[in-house]
């Protein structure tokens with residue numbers, strides 16, 4: 001799905017900072033996180049972390065489950081669901097038939113009537129032959145419907161997750177833990193368990209109606225005993241298992257955190273080895289494992305206490321109905337087969353009344369799944385509403401869009417003499433906690449301009465680029481992008497990676513030529529073909545990865561590109577070569593960097609200074625169309641001075 005982000009070429013190639021980020025991930029225990037803490041939202045409320053009440057669970061269940069049954073697939077889904085219910089109804093009828101067959105079978109056995117016994121035996125075998133396929137087909141139809149439902153929901157959630165930069169906000173602001181697990185594991189569990197519970201409930205209602213008549217006809221007091229037994233068992237089960245929902249919810253999160261820690265070690269293996277971080281990583285993993293282990297221990301204890309009761313509850317019903325009707329048998333009022341029939345009917349009805357007792361652990365686990373998916377779904381909805389409400393946050397506008405028919409043969413947009421590409425009006429950028437990073441910044445970027453953003457590390461340069469790219473919306477002001485691009489950078493993939501792109505796919509000759517243009521032609525013999533797939537961050541050096549990203553940029557030929565320390569791993573000669581390549585291609589760019597050599601490739605400079613604005617001095621001749629703005633951008637109460645000037 002094409003999102004607004006695809007309308008501007010984004011090469012946020014933080015290659016040097018990428019090494020720093022890996023190092024910081026590995027050695028995070030060595031440095032303070034105070035500056036980053038302000039950009040994070042408050043943690044979710046404790047109640048939400050530990051599971052929700054019944055009303056919230058029911059609301060979330062309906063909200064998650066309902067969309068599929070009114071989707072484009074609704075006709076097929078409802079038809080298949082109806083077939084499953086009909087098969088379930090048929091299995092109930094078969095069970096009732098088995099109940100009467102069992103009565104006659106044991107009557108013949110008790111009466112030593114060999115002829116009747118053989119006759120009933122044949123009936124039994126015939127019922128097995130005809131009934132078993134119905135049970136199998138019911139389960140098969142249910143599983144295929146569950147798979148179909150899961151397939152639709154997976155696409156539905158991935159679409160929303162990847163829309164409006166929702167995935168970026170979830171990751172950068174730590175809003176929702178482990179969204180991957182919720183999409184993969186929780187959706188699978190939800191669809192399968194929801195259908196299973198729905199059919200179990202439907203079957204229980206039909207069973208209850210069918211077997212209640214049988215049991216009441218045999219001995220009404222037995223029906224009363226059943227009601228008292230089932231109601232008492234349900235109340236005791238709810239009391240003993242009251243903490244299981246919370247424990248299951250926490251266990252899902254803790255297991256996912258532990259698994260993520262192991263994945264993190266695998267992805268940062270080289271950095272961990274370089275910084276001798278094995279001991280620290282081990283301690284981090286063990287803490288996460290111990291947290292999951294402690295919670296699982298509590299879960300097992302609660303399950304054990306519940307199992308003590310439910311096991312006795314299940315085994316007692318094997319003799320309870322026989323004990324109640326035995327006096328009638330001894331008095332000669334009923335036949336021996338009726339005892340078996342009463343036991344069978346009693347078990348069926350008790351199973352229907354005791355759904356909570358038998359399924360309590362499954363229900364508690366399912367409640368945790370509903371809670372996690374509901375929490376995820378609520379955030380996806382709120383993200384969509386924020387994106388569609390222009391009154392909230394920074395306004396991002398796209399206008400004067402060129403159509404495909406107006407493109408040059410090479411896929412680029414024709415360049416006018418003086419074409420406006422980016423217009424920033426009174427831009428104020430804030431963190432989610434309302435700390436101001438930029439205040440009232442206004443500037444214009446035309447097609448023939450190249451802006452260099454400089455300043456000390458941590459002064460907010462990358463935050464500004466994220467805002468321009470639409471990744472950050474907290475604040476106010478207006479950003480207007482002119483023209484449309486079809487390029488989105490992929491930092492660690494090959495130059496021919498297929499991404500959302502409306503341009504023709506490059507030919508093999510185009511790929512070879514662009515690799516030569518970025519001085520990567522020598523890597524071609526190392527791979528069998530241009531469609532090879534590797535973990536490029538491990539195969540290529542940082543400098544090679546940066547040049548590969550420039551190759552993708554040159555193939556896409558966007559109108560405007562954002563570069564965040566994109567040549568930090570390259571020598572000055574290669575840096576100069578790449579900047580000349582993108583300038584020759586007619587691409588305007590905004591760069592972030594610290595090297596003095598970058599000034600010669602740009603004709604404007606936006607400088608962020610952490611000096612006091614009263615003592616700041618303007619460097620060079622300021623462009624009169626750009627105003628100088630002082631802002632407070634540090635959590636340490638330091639001020640930044642923004643200045644846009646022509647490079648010397």
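Just so you know, glycine gets a Cβ as well, placed from its N, Cα and C.
When Cβ-Cβ distances below 8 Å are used as the criterion, the transmembrane segment (81-101) is approached by residues 120, 123-124, 127, 130-131, 134-135, 137-138, 141-142, 145, 195, 199, 202-203, 206-207, 210-211, 214, 341, 344-345, 348 of the same chain, each at least six residues removed from its ends. The transmembrane segment annotation in TrEMBL covers 81-101 (among others).
The annotation domain 'ABC transmembrane type-1' is assigned in TrEMBL to 83-365.
If you look up TrEMBL, you'll see 121-141 (among others) marked as transmembrane segment.
Long-range contacts of the transmembrane segment (187-206) within its own chain (CB-CB distance under 8 A, at least 6 residues past either end) are made by residues 61, 64-65, 84-85, 88-89, 91-92, 142-143, 145-147, 149-150, 153-154, 157, 351-352, 355, 359, 362-363, 365-366, 369-370, 373. Feature annotation from TrEMBL assigns transmembrane segment to 187-206 (among others).
Summarising the annotation, TrEMBL assigns transmembrane segment to 218-240 (among others).
Here TrEMBL flags 422-638 as domain 'ABC transporter'.
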Residues of the parent chain within Cβ reach of the transmembrane segment (121-141), under 8 Å, 6 or more residues beyond its termini: 80, 83-84, 87-88, 90-91, 94, 97-98, 101, 104-105
